[in-house]
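What follows is a set of notes on a single structure, which appears directly below.
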Amino acid sequence: MLVSFLFLLLISDEVHCEQNCSYQDVLNYLNLSGNNELYSMTRPVKNYKNPTQVSLEVLLYAILDVVEKDQKFIPYVWTVTRWNNEHISWDPNQFCGIDNVSLPSEILWKPDLTIEEMTEKDKAPPSPYLTINNKGDVEVQNDQVLVSTCRMHIYKFPFDIQSCNLTFKSIIHTAREIRLQPSDNSSEATEWSREVMRTQYEWLFINMTVTANNASELTDQDMIIYTITMERRSLLYIVNFLLPVLFFLCLDLASFMISDYGGEKLSFKVTVLLAITVLQLILNEILPSSSNQVPLIATYCIVVFALMMLSLLETIFVMHLREKGSRETQRDTHDWTQGGFNYNVSSSETGEVAPGAEEDRHNKLTGNCYTLERLSDELRAMEKTLTLFLKSKKEDKTSGYWTRVAKRVDKFFFLFYVILVLLLLILIFLEWKSD
């Protein structure tokens, strides 16, 4: 009977303990409130000579944007900061096993970490709560949309690989007061970031490198550098930019099959040249103006533009040669026609017929007229034959010469143009793919 009573008393005590244990009991035990300056005003150490060990973990959730023109990198990251508060400790057995408590973040002191590359303040509100455990470990988790500066190397755009840094350090505390260290290595940070990655948009995440720069002097500051390496998805630029430029170049090559007579070929080449100019203006809006090297894609456009300009000049020169030959042919033919044959029968040769011999000579006159008509027809045929013969001879000496020159120039330039295009394109694409 006594054993049963003691057992019931023990159970009632446990139930009473469980019913009366709360987080507020822990806070009351610690005397932890918003008015207690012990926890919020100063660095939480009992001896000021002891530095606060702060560990940092960063996970990459998304690559939201990379603005080449402004050289901005906008990632969405999740940060976890941990440190120890020497003023906080309790025995969980005295509080029904409670070993951690969530508090408003403004109650406790927090390390003043900042990001060197950040150019705009994070507009997202910080986490309103932090977590403490019975050993005094404090943990703060925050998600941040960072607008940071990043030095872009766009020489191989759009086949480029970019590396952007996020450098965490304290604003005012030196290594004597805060020792900053990463809680994960590069392989862990890369693996965990890939697991939680939500979206990458234009960029493909490759890896994240964690580098801890410990201060050699206590007056310096510890820094942790997270280097995010990413590769651009180039398919969209190939389809929307590189291929259209290449197609315009092929059209320019095909224009050699258009006749040089008239202005159709010249108008076609000018139109294609203007199209390349429009694409260059679009490219100018994408690439930053502060680049130290001329990007290969700009070189690609300039080379194509120069080739088309050279082709246009060659067309103008060939048209000039053909026009020159045509003008000389027309002038020489006109001069020769003005000096052609004229058949006139003088009145003295016909004479006057005597009245008495009119009937006798009628038949003879009729025969002479028939003979003269036949002679006139033969002379006209001879004149036409001579005119065509002399004209063809003259064309061989004038128009034929310039036509042959124009054809030779056109053929030689076409072969030179094709070889030059192939060589330059091969060199540019090999440079694009080189390491």
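Using N, Cα and C of the backbone, Cβ positions are placed for all residues, glycine too.
What TrEMBL records for 1-17 is signal peptide.
If you look up TrEMBL, you'll see 40-233 marked as domain 'Neurotransmitter-gated ion-channel ligand-binding'.
Listed as Cβ neighbours of the transmembrane segment (235-254) (distance under 8 Å, sequence separation of 6 or more from its ends, same chain) are residues 157-158, 202, 268-269, 272, 275-276, 279, 282-283, 297, 300-301, 304, 307-308, 311, 417-418, 421, 425. Taken from TrEMBL, the feature transmembrane segment covers 235-254 (among others).
According to TrEMBL, the feature domain 'Neurotransmitter-gated ion-channel transmembrane' maps to 242-330.
Per TrEMBL, transmembrane segment is recorded for 266-283 (among others).
The transmembrane segment feature in TrEMBL is assigned to 295-321 (among others). Sequence-distant neighbours of the transmembrane segment (295-321) (same chain, 6+ residues past either end, Cβ-Cβ under 8 Å): 154-158, 241-242, 245-246, 248-249, 252, 255, 260, 265-266, 269-270, 272-273, 276-277, 279-280, 283, 287, 402-403, 405-406, 409-410, 413, 417, 420-421, 424, 428, 431-432.
Panel annotation: around the transmembrane segment (412-430), residues 246, 249, 253, 256, 296, 299-300, 303, 307, 310-311, 314 of the same chain, lying at least six beyond its termini, place a Cβ under 8 Å from a Cβ of the stretch. Taken from TrEMBL, the feature transmembrane segment covers 412-430 (among others).
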DSSP-derived helix, strand and coil totals, residue by residue, for the domain 'Neurotransmitter-gated ion-channel transmembrane' (242-330): 74 helix, 0 strand, 15 coil
Taken over the domain 'Neurotransmitter-gated ion-channel ligand-binding' (40-233), the model's mean pLDDT: 91
